[in-house]
Amino acid sequence: MAGGGKKKRRHLFKRVHDSSFRQESFQDEHFLIGGPGFSRIVFCNDPDCPDAASLGYGGNYIRSTKYTLASFLPKSMFEQFRRVANVYFLICGLLSFTPLSPYSAASTVVPLVVVIGITMGKEIIEDWRRKKQDIEVNNRKVKVHKGDGVFDYTKWRDLKVGAVVKVEKDEFFPADLLLLSSTYDDGICYVETMNLDGETNLKLKQALQVTLNLTEESSFKDFKAIARCEDPNANLYSFIGSLNIGQENYPLTPQQLLLRDSKLRNTEYVYGVVIFTGHDTKVIQNSTAPPSKRSKIERRVDKIVYLLFAGLVLLSVIGSVFFGIWTSYDIEGGAMTRWYLRPDDTTIYYNPKKAGIAAILHFLTALMLYSYFIPISLYVSIEIVKVLQSVFINQDQEMYHEETDQPARARTSNLNEELGQVDTILSDKTGTLTCNSMEFIKCSVAGIAYGRGVTEVERAIARRKDTPLEEEKGGEVEDLTEAKSSVKGYNFIDERITDGNWVNEARPDLIQKFLRLLAICHTAIPEVDEETGRISYEAESPDEAAFVIAARELGFQFFERTQTSISLHELDTLTGKTVERTYKLLNVLEFSSTRKRMSVIVRNDEGKLLLLTKGADSVMFVRLSRDRNEFVEQTKEHVNEYADGGLRTMVLAYRELNDDEYSEFNEAFTAAKNMVTGERDELIEDVEEKIERDLILLGATAVEDKLQTGVPDCIDKLAQAGIKLWVLTGDKMETAINIGFACSLLRQGMKQIIINSEAPEAKAMEKTEDKSATDAAAKASVLHQIAEAKAFLDESSESPEALALIIDGKSLAYALEDDAKNMFLDLAIGCASVICCRSSPKQKALVTRLVKVRTGGTTLAIGDGANDVGMLQEADIGIGISGYEGMQAVMSSDIAVAQFRFLERLLLVHGHWCYRRISSMICYFFYKNLAFGFTLFYFEAYASFSGQAAYNDWYLSLYNVFFTSLPVIALGVFDQDVSAKLCLRFPLLYQEGVQNVLFSWSRILGWAFNGVVAATCVFFFCVRALETQAFRKGGEVVGFQVLGATMYTCVIWVVNCQMALSINYFTYIQHLFIWGGVIFWYIFLLAYGAMDPDVSTTAYMVFVEACAPAVMFWFVTAFVLVSSLLPYFIYSAIQMRFCPMYHQMIQWIRNDGQSDDPEYCKMVRQRSLRPNTVGFSARFRQSMRFEENSEPTLQFERTEE
């Protein structure tokens, strides 16, 4: 259909809502066009004209990679050499080519090249994944006007500002577009903005009247226009501009703007002109560059390396000073003190006449000699361990989602240990906590409750109370499982009113009106599947779709809508047959966050005028007539029960109107809608308020904003672990509050602090045209609300009651400014739950940054859409939900999971294990290197600080590579202090990571001290035991070679046995690495010692001829081993007995506490139960307090009225 002939639909719909077009007049902010910040000029349908080219607007190519081909080498080298250890080893590598080096250059340079090469290779692989995603997006195709009314496909990356594009149904918009026309007569189209704001409901966009005739491809042959608008910015909800066609200017609003990454729905195609491209688009403006993330432990490792380097320099200075002094005394009074060194015939390195220079040169030699204090293999070992840990995360079957065939995926391994230190989780709502679907599950009609479905929250509370649910009593659970509807949006089970049985109920007349209201009072659009004849609905909100579906399933099928009518197939109570009825649609009184209700006025086939209204209970009950409402109390009770179960409730009511009353209303309503002043919306609300009164109650609905499976349990467990949860959503405040109740972040009785921009003084200023004054008033109002809330929080600090903070997007913008953000964060930290509504992607990122920087705790962000990318990148850890809404969040995340509930196992099990393993591994690394390095220092002191190494060059090179490295890697991959089951049973164990008790400075220094003690025992015991011993058959005493081999043997035994004492969970791999390392040392000593003396040097036959035959060698090895490990063993025994750590108490339970000491076991279990303030366990405790009190506590809501 090249010409794009318009497809006429069975339904016509627009907001009457706006029944006729009117030319908008310029007002409000449109006078700013052409000034600073509003200078963009777009030559529509002429992107290649000279004037357009001179503006220099960017192309539509986007890049999300961390590196480019040109920047990879310098940026990646910077990444590597910002690690202080790598800088030090680079300096040592350069010095190793000079005569100052105590060992060969290869032994320093090769390990450094290998370490840096492995890490850079990992960076290449991870960035290539991002590059492939960019290639896929940039190479998507869209139809573009090529001239003369001809459209052809062009790649997204080649789009230019001003080009006219044709986007078809279910396609993403390739750039920010100005809507020109659509397949609908009135220029409307439906847009899904899930990737922008997280909302699943469709948004209505409408073109200007002047461009509605551009409905054919050929109509663009002579089309020319100039658009002037605001410069690129990150605000998703505002747009100011004008369109010049001929001699007329027409104002542009957000209604005409189609944003990149949103999707065209329910519309065959639209035409639009490109306004913003590439990195100028609003969604990209809301994103941030991929950050280079480093864990807190890695940053602390750098500090430890600094300390070790400082200690190394200190030891080098000490050695150089003593060396200089002793060298200056080598020739004293013409006599040679140390004649065997031939100080009268030596080089500058040992010249007594230039002792100062010799000391300086010795300092450089010592810097290289003591390099073994700093473990070069630490970083590469950590990289290997993290990669292997990521493999275990990826292969965990407990985090595999069978329905979508999605396992957990660790997309980067840099942050594994951070998973065990999370203090605050910042979560998106739609698609993250919920399934993006609503289900009609219960209702109350004429004071009678219907529906036997059970919500996730109700199941969680029942498990907590250990009481069976009604559905599980009497063996009915199987029947309900079989009866559960497969219809999306409908999970209603009650045979009393299904299958037409409602006609047999006590009040069938009210049930009929109730169901009819559900089928009529909405703005949904029906679509008929041509193959099956099945009717589906496109609605502006998912709960509205659930109502229409429920009405259809219960016998009132809405099947057609025109501008003036709604048609139903409904059950006739007199004939018992399904009949077709058409209701004349007169007016739609739209829902808004202020009104919290929606109404329609219709005329039925009997000529009666009916006002049908549905809305929140807070606004509906006060509008009921005092007469003819005999079941108000029963309905209120049911509504409260539904709310306790986490359901979203809506109250339904109606009344008949007389002709005079309606005529008066319609005249006032039409006049108000045609107003063009700033008071228009307020006047409309006043007219609506007058008609929506004296209503007759029909009942209430309860829909479940369907949570993902296991969300309440997961949140409860995370709360018990001491992790705080913030919800940042683009949804309306009412929706966010409802889901807060559903997942138990909020509960009945929790005091709510609501900060919003609806304060009266701010609303009064909105009527003026002074934008700066309006902003100032709004900001002052928000600051006043925050200050009042903070004062209230301080007053309530000693109260056990939890507080919840709820803030809308406009208020959040002011709260995040420099002069307010600290007070806002203090308020938020003091609240048990925080919900930020109508948050833009940039605001999500700013809130995340504020929490991360100000609190200093580890932040984790989790989301599923492109609107969450900035938040994921800003947080210490970004978790992407690999769901149904694209892969933008996953591609920008550090770890991807399929469901929110997997966060429980990811953090409490893998996070705890990874944190413990990495912490223990690093502590042990420094221990073994200090134990080895201090023997070098002691020997050099013993040898007059001459720069002589205690060991053979190959001993030095292989210490960290073969003899001691593999056991450390095995510790970092396999060790478990407690099992996964116990990690989940005792969630407070997670606080060991949050409080960093396993990698605190005291623990690090304790391991360092243990290393010094071990080195001291090894050196002095070996020297004292061997210096007078005859080791060879000829009676020769111990030489330098034998002493070095013996000390090295002792070091290998001590550090490997220390590893064996530190491990909690042995596997055959750990046994192989630990004892294999010791055995490999002896094999190496035999093989290396058998080589030619020019190769083996000081190791030639030392083991076969000297060490092995000597009983003293074996005795010294055993004695040194026991004496070196004894201090650690004594300390561990005392610490375990008198002040055990939390994981040690759980180990006690696992091993023998359950049978030997039940009271102790009980105490540990009690310590694991944190008195959390959110989650279903907190809701259960609160409900129990309500039952104990004679008068229930009223919910407190603090807000500016």
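FYI, residue positions are counted from 1 along the chain as it appears here.
For all residues, glycine too, the Cβ spot is worked out from N, Cα and C.
As a whole-number mean, the pLDDT of the domain 'P-type ATPase N-terminal' (42-108) in this prediction is 82. Under the heading domain 'P-type ATPase N-terminal', TrEMBL lists 42-108.
The transmembrane segment feature in TrEMBL is assigned to 84-100 (among others). Within the chain carrying the transmembrane segment (84-100), a Cβ under 8 angstroms from the stretch's Cβ atoms is held by residues 107-109, 111-112, 115-116, 302, 305-306, 309, 349, 361, 364-365, 367-368, 371, 374-376, 378-379, all 6 or more beyond its ends.
According to TrEMBL, the feature transmembrane segment maps to 106-125 (among others). Residues of the same chain lying 6 or more positions beyond the ends of the transmembrane segment (106-125) and with a Cβ under 8 Å from any Cβ of it are 66-67, 72, 76, 79-80, 86, 89-90, 92-93, 96, 368, 371, 376-377, 379-380, 383, 387, 413, 953, 956-957, 961.
The transmembrane segment feature in TrEMBL is assigned to 304-326 (among others).
The annotation transmembrane segment is assigned in TrEMBL to 357-380 (among others).
As annotated by TrEMBL, ATP binding site applies to D428, K429, T430, E544, F591, K614, R648, T729, G730, D731, R838, K844, N867, D868. If you draw a 10 Å sphere around the CB of N867 (ATP binding site), it holds 33 other CB atoms from the protein chains shown.
Under the heading Mg(2+) binding site, TrEMBL lists D428, T430, D864, D868.
For D428, the entry in TrEMBL reads active site, 4-aspartylphosphate intermediate.
What TrEMBL lists as domain 'P-type ATPase C-terminal' is 890-1140.
For the transmembrane segment (925-942), the residues of the chain that approach it from at least six positions outside its boundaries are 304, 308, 315, 319, 322, 366, 369-370, 372-375, 378, 381, 948-951, 959-960, 964, 968, 1004, 1007-1008, 1010-1012, 1014-1016, 1018-1020, 1023, 1047, 1051, 1054-1055, 1058, judged by C-beta separation under 8 angstroms. Per TrEMBL, transmembrane segment is recorded for 925-942 (among others).
Residues or ranges marked as transmembrane segment by TrEMBL: 954-974 (among others).
Residues annotated as transmembrane segment in TrEMBL: 1004-1026 (among others). Here the transmembrane segment (1004-1026) has Cβ contacts under 8 Å with residues 304, 923-924, 926-935, 938-939, 942, 1038, 1042-1043, 1046-1047, 1050-1051, 1054-1055, 1058, 1112, 1116, 1119-1120, 1123-1125, 1127-1128 of the same chain, all six or more residues outside its ends.
TrEMBL lists 1038-1060 (among others) with the feature transmembrane segment.
If you look up TrEMBL, you'll see 1072-1091 (among others) marked as transmembrane segment.
Annotated transmembrane segment per TrEMBL: 1111-1131 (among others), in sequence order.
Spacing of R648 (ATP binding site) relative to D868 (Mg(2+) binding site) is 25 Å (Cα to Cα, whole number). Most Cβ pairs under 8 Å with the transmembrane segment (1072-1091) belong to 954-974, among the candidate stretches 304-326, 357-380, 954-974, 1038-1060, 1111-1131. The highest tally of CB pairs under 8 A with the transmembrane segment (1111-1131), across 357-380, 954-974, 1038-1060, is held by 1038-1060. For the transmembrane segment (954-974), same-chain residues at least 6 beyond its ends with a Cβ under 8 Å from one of its own Cβ atoms are 103, 107, 111, 372, 375-377, 381-382, 384-385, 388-389, 392, 917-918, 920-921, 924-925, 928-929, 932, 1044, 1048, 1051-1052, 1055-1056, 1059, 1062-1063, 1065, 1067, 1069-1070, 1073-1074, 1076-1077, 1080-1081, 1084, 1088, 1099.
Counting same-chain residues at least six beyond the ends of the transmembrane segment (1038-1060), those with a Cβ under 8 angstroms from any Cβ of the stretch are 924, 927-928, 931-932, 935, 939, 948, 950-952, 955, 959, 963-964, 967-968, 971, 1010, 1014-1015, 1017-1019, 1022-1023, 1026-1027, 1029, 1031, 1074-1075, 1077-1078, 1081, 1085, 1098-1100, 1102-1103, 1106-1107, 1113, 1116-1117, 1120-1121, 1124-1125, 1128.
Note on the binding-site residues D428, D868: the fewest other CB atoms within 10 A surround the CB of D428.
Of all the Cβ atoms in the protein chains shown, 29 others lie within 10 Å of the Cβ of G730 (ATP binding site). A straight line from the CA of D864 (Mg(2+) binding site) to the CA of T430 (ATP binding site) spans 8 Å. Between T430 (ATP binding site) and D868 (Mg(2+) binding site), the C-alpha separation comes to 11 Å. Recorded residues D428 (ATP binding site) and D868 (Mg(2+) binding site) have their alpha carbons 7 Å apart, per Cα-Cα distance.
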